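Engineer: Questions regarding the structure given below will be posed in turn.
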Amino acid sequence: MDAFSSSFLSTLTPSTKLRSPVITTTLRSTSPSPYYAPLPYISSVRIEEKPPTSTTTTKTSHPPPPQSPKAWPPPAPSYASPSVGAKKRVEPRLSTMIFNTFDDIINNFIDPPLRPSVDPKHVLSHNFAPVDELPPTPCEVIQGSLPPCLDGAYIRNGPNPQFLPRGPYHLFDGDGMLHSIRISKGKATLCSRYVKTYKYSIENQMGSPVFPNVFSGFNGLTAAATRGALSAVRILSGEFNPANGIGLANTSLALFGNRLYALGESDLPYSIRLTSKGDIQTLGRIDFDGKLFMSMTAHPKIDDDTGEAFAFRYGPVPPYLTYFHFDANGNKQPDVPIFSMTRPSFLHDFAITKKYAIFADIQIGMNPMDMIIGGGSPVGTDPAKVPRIGIIPRYAKDESEIRWFDVPGFNLIHAINAWDEDDGNAIVLLAPNILSVEHTLERMDLVHALVEKVRIDLRTGLVTRHPISARNLDFAVLNPAYVAKKNKYVYAAVGDPMPKIAGVVKLDVSKGERQECTVGSRMYGPGCFGGEPFFVAKEPQNPEADEDDGYVVSYVHNENTGESRFLVMDAQSPNLDIVAAVKLPRRVPYGFHGLFVRESDLNKL
């Protein structure tokens, strides 16, 4: 869910509460609908009552450890078993029942989910189907052994709708769920928990979805008007307060200032922690002493040398882009509004060097006319727009020194890395270029991402670029110690097609133009798909260690058997040889971005 969602209102239909982690059972609904059909891998569903939570968001700050934030909601309790038992049915208020009835009318007659990109039967099929929470559960190492440097936790974020939708639903609309594999002395424990956002907790209390989402609810003027009006009435009736946040925290994670955050770019970060037994707790929504407003990117950049974090937010009203950073202690520094971005753009990611921050103004942005006339999404493409790259000094106090460079046809969704060259008079940017950008939101299976190296001479303004690989590659990572510095190796996910990932390749980006850059590859096999890879260094504190001396890790799911595994691959081997494979106690759905946190850092949270 992106930052534009804060300015739009929609809602999903009432549904049923997902409970059982069983992969293949039947699907039930409390009310019939012609657009509701059984989905593979979805468990039986029912409405349940959860312990009440406060609906007041307390002002949160970022105090130095070991203080705990005064945040909403309180830490989640520990669970002793996968099932907490059947609870009484939630009895909704009369007003909620009326609103839900109108919601049914909108979803069944005004804006039913006809397109595959918003049809739950399609979007939530196979291993995209949601699962229930899983308390810490031991895993079996079925191949090799887990290296000592993996002591810590690999955590992957992704969408996992709390309620099964009957109306339109986009892949980006699901509630954030964290899947953590905690590793200690060669043993592994899996835990899956929702990020207890304000949205999640309110809807959990009410037993039905009530919050707006932008990707599936505003396709056309009539749908936007009816869903917007219904959500406005819900707000006025006191069902929820958007000032407390409407975000999903379903995109990524970041570690800085001795805090671990779950992120989604439509809201503030949510602070989380892992217990010694591997459970995941949500500590609260953090506004950094009131200095962070509205939202923050899900892709902050952490400089391993300084401990600083660099970030931004974007939105549909000026300033469309605001840049800021955090010091090594996690204290937010003043905003730098960028008014030279003259129209709202979809800025999902960016890059930093030691001297600069780099933004991409791409062909995806606000598209209200397409929504009104063509019945499309409010977020769309503008083929006539010329993409450009903005470069601003890393520690700028204002935007006076930002420079924009036209880069026709270059649409960046994810950045890999960037660095300075020629004594800071040039920058190099590595990023996948989305060639068929018009399909980004509607037909991800038609998207082809071509990894490119872009060089900008800051003295002459000359922009040069060339592809690194012709394959469909995205979700690329590098050794985290090389962020903002010149790196040699990149590990990228192979789309087959996106959003399914059939394997991972290792690229040597130091090779010249027209040279084959693929130096390592592992395909997962027929019917097997993974997620974003992540690189873990063997000796992160050793300055003499090779850049690729470490392991590539990922969750991989076998659609033929329904089994999920955690794979550890040797990053230096040409075939990315499997060093260890962990059989997971239940499947892990496909998701977005992950992070490895070492045991030493977990102990500081």
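Each position is counted from 1, following the chain as shown.
Heads up, the Cβ atoms here are built off N, Cα and C, so glycines get one too.
Feature list, courtesy of TrEMBL:
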type	residues	note
BINDING	His299, His348, His414, His593	Fe cation binding site
COMPBIAS	52-61	compositional bias 'Low complexity'
COMPBIAS	62-77	compositional bias 'Pro residues'
REGION	46-87	region 'Disordered'
Engineer: Other than His299, His348, His414, His593 themselves, what residues in this chain have Cβ atoms within 8 Å of the centroid of the Fe cation site's Cβ atoms?
Structural biologist: Thr251, Ser252, Thr297, Ala298, Asp349, Ile413, Ala415
Engineer: Inside 10 Å of the Cβ of His414 (Fe cation binding site), count up the other Cβ atoms and send me the figure.
Structural biologist: 20
Engineer: For His299 (Fe cation binding site), what residues in its own chain, 6 or more apart in sequence, show a Cβ-Cβ distance under 8 Å?
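Structural biologist: His299 (Fe cation binding site) has long-range Cβ partners Ser252, Leu263, His348, Asp349, Phe350, His414, Ala415, His593.
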